[in-house]
Amino acid sequence: MIDDIRETKECQLKDPMDLFHSGQVVKICAPMVRYSKLAFRTLVRKYSCDLCYTPMIVAADFVRSAKARDSEFTTNKGDHPLIVQFAAKEAQVLCDAARIICPFADGIDLNCGCPQRWAMSEGYGACLINKPELVKDMVRHVRRQINNPKFSVSIKIRIHEDLKRTVDLCQKAEAAGVSWITVHGRSIEERHQPVHYDAIKIIKQSMSIPIVANGDIKSLKDAENVHHLTEADGIMVARGLLANPAMFAGYEETPFQCIQDWVDIALEHGTPFTCFHHHLMYMMERITSKQEKKVFNVLSSTSAVLDYLNDHYGL
């Protein structure tokens, strides 16, 4: 994978920080397990998404195994600017992963926000918000070992019940040279509770680096409201983009052209059927009836899906 794209990639790399200096709110596709892969990133970039993340990759596996690198990371020359998100708990392992990825991506992000039990038990994800010195050490090591000054090093966090601890974590990361921080405005224990946008605003006012707001943003209007509430420099969206990949372009629901674009891109990239189908199920959630969903959601082959889209929507 990596050798195949080396020549086409290195001349394409961009400085993600240029986006934050543009004066516009940066529109970002979140790291999503199984979903924010190359084909979907290609789609959302067509609809005004400025910056895309890969799904979270376990750095130790990525460093150790060529098979893991091939299965976890694919890209192409149009896939920029691109941030690769890693789960890591050791500074040198994160540095080794960053060094491998550096020629092909525009930055890395350290996951300090995943609340899943497996990640926490392994020492990854959201448990790192309780280890500010370790986070600081990991950021500093990558900064020292990656020679490219345009290569960004960011972190994505959740908040503490005591917000002073979150501000302290962010300030330590800033001192270590972090490029920006994405804040999901919930604590580790919170799942569907309201997002604490007021907390994101306090963090933003405490920092001099860009802050990205994340959590429950489902439309461009939501994004504008959250920017107004938090003063954040960027807005990161996950499920809102799954439901409507054209969201950042101002569409209230997924336009048929976007569905057509997804079919074309997915087929071109050889997207596995389950992923291809699941994306369509998300995109069509708001525009299909319950009866249509019952039929569409149990289709079991690409040809059956294509026939359905052709018969019902002329796609």
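Using N, Cα and C of the backbone, Cβ positions are placed for all residues, glycine too.
Keep in mind that TrEMBL annotations are predicted by a computer and have not been checked by a curator.
Note that the structure is a prediction, hence the values are computed from the model and not measured.
According to TrEMBL, the domain 'DUS-like FMN-binding' annotation covers 29-292.
The FMN binding site annotation in TrEMBL covers PRO31, MET32, VAL33, GLN85, HIS184, ALA238, ARG239.
Annotation for CYS114 (active site, proton donor): spatial neighbours MET56, ALA87, MET120, TYR124, GLY125, ALA126, criterion Cβ-Cβ under 8 Å with sequence separation of six or more. Summarising the annotation, TrEMBL assigns active site, proton donor to CYS114.
Counted over every protein chain shown, other Cβ atoms within 10 Å are most numerous around HIS184 among the binding-site residues HIS184, ARG239. Other C-beta atoms found within 10 angstroms of the C-beta of MET32 (FMN binding site) number 19, with every protein chain shown included. The least crowded of the binding-site residues VAL33, ALA238, judged by other CB atoms within 10 A of its own CB, is VAL33. Taking the Cβ of GLN85 (FMN binding site) as centre and 10 Å as the limit, one finds 25 other Cβ atoms among all the protein chains shown.
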